[in-house]
Amino acid sequence: MAEPPRDIFRLSRDWLSVQEVVDSVSSSRCGAVSVFIGATREDQVEGRKVIGLQYEAYEAMVQSELSRLAAALRARWPSLLHVCIHHRLGWVKVGEASVVMAISSPHRQDGQEAIQHAVTLLKASVPIWKKEVYDTQESSWKENSECSWSQRGGASD
């Protein structure tokens, strides 16, 4: 019997394991596992250094939006097998992963295109918000430019 497609989504206040995400999508039916790791980067904003991000989410809605995201990926790339997305909540210091996602597919092209599209959809539609925290102890909520209501004009993060 063929292995059914599987979607795995998790929000976590703990460190994310890339290997756990990769293992969750691995399959003998697939020759490719495409991975994206989004890390908190050190940045300078108006003379202040970013020391970390604080993530919050509308948790009741995240799972349904991630399910919609996975369905949209499969509609566009029917060969995809498994989709896994783990996202941090709470404090994430510079250098740590904020999001880890992996997609398995028989061939690399579909998986690589899908993973790129998944990042865009995640930022545009999943209710997870980030606040930059600076070395001055000031902070600022950041808007994802991919969101339809963004004032930033479509520049990518």
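Cβ coordinates come from backbone N, Cα and C, glycine included.
Quick look at what TrEMBL annotates:
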BINDING   His107, Arg108, Lys123, Lys130, Lys131, Glu132  substrate binding site
Counting other Cβ atoms within 10 Å of each Cβ, which of the binding-site residues Arg108, Lys123 scores lowest?
Arg108
Among the binding-site residues listed here, His107, Lys130, Lys131, whose Cβ has the fewest other Cβ atoms inside 10 Å?
His107
What is the maximum Cα to Cα distance, in Å and rounded to a whole number, among the residues His107, Arg108, Lys123, Lys130, Lys131, Glu132 annotated as binding substrate?
37
So if I measure Cβ to Cβ from Glu132 (substrate binding site) and keep only same-chain residues at least 6 apart in sequence, which ones fall under 8 Å?
Asp43, Val45, Val50, Leu53, Ser139, Ser140, Lys142
